Amino acid sequence: MDHLEEKVRLRKEYRKLRKAVTTVADAAQMLLQNTISILSFGNHDIVSGYIPVDGEIDVLPLMNFISKTSVVLVPEVKKDSRMLTFRRWFSGINELGEALSPNILLIPLVAFDRRLYRLGFGGGYYDYTIEHLKRRGQCKCVGIAYDLQLCANLPVCEHDQKLDLVITEKGVYS
C-alpha cells in the first residue's frame, strides 16, 4: 500500500472513531447514567475521581452527583513518591481539603483491553497506588473511558495492575 492509500485508510478509520464520540457533553451524560446504574454510592463511600486532562472523558458531572451522598477526592502526584495521595474535592472550590484514602477509584486511562488492563501516561502512579490500596483492604478500581479506547490486547508488565471493571459511555466491561 502506498502513502496515499494509507492516508485514505487512516482518514476513514479515524473519522469513524471521531464520530463515535457524538459530543463530549453527551458522552459525559451517558457515562453518568451508566455509572449510576452499575455502582451504588452511599454515605460511607470515599470516591476518588479526577480532573480530566488531555481529552480524558469528563467525570466532573459524575463527581458532582456522587458528592451529594459520598465524599469525593481527587489524586495528587507527589514528586517524592510513586504513589498518589488523595485530597477532598468540593465542587466549585479551587482549594482541596484533607487527605483521605478512597474505597472506590475512578481511574482515567489512555486505552484498556478486555482483560481489564489499562494503559496510562506511563508514570506508574495508579499501578503502585492500586497495589497498595488492595493490599490494605477493599478498594474497587473502576476505569473510566470512551468505548473507542478499547484495545485488542495491551502489552502487560509485571507491575501493571488489573482493574475491577471499566465503564464507558456505552456500557461496562468486567
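Glycine is treated like the rest: Cβ placed from N, Cα and C.
Taken verbatim from TrEMBL:
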BINDING   Lys7, Val8, Arg9, Leu10, Arg11, Arg118, Leu119, Gly120, Phe121, Gly122, Gly123, Gly124, Tyr125, Tyr126  ATP binding site
BINDING   Ile51, Glu56  substrate binding site
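Structure coloured by features recorded in TrEMBL.
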| residue | record | DSSP (3 states) |
| --- | --- | --- |
| Ile51 | substrate binding site | coil |
| Glu56 | substrate binding site | coil |
| Leu119 | ATP binding site | strand |
| Tyr125 | ATP binding site | helix |
Cβ neighbours within 10 Å, counted over all protein chains: which one of the binding-site residues Phe121, Tyr125 has the most?
Tyr125
Rounded to the nearest Å - Cα separation of Leu119 (ATP binding site) and Ile51 (substrate binding site):
18
Within 10 Å of its Cβ, which one of these binding-site residues (Ile51, Leu119) has the largest number of other Cβ atoms?
Leu119
Which of Glu56, Gly123, the listed binding-site residues, has fewest other Cβ atoms within 10 Å:
Gly123
Cα-nearest neighbour of Glu56 (substrate binding site) within the listed binding-site residues, Phe121, Gly123, Tyr125:
Phe121
Length of the line joining the Cα atoms of Gly123 (ATP binding site) and Ile51 (substrate binding site), in Å:
17
How many Å separate the Cα atoms of Phe121 (ATP binding site) and Ile51 (substrate binding site)?
15
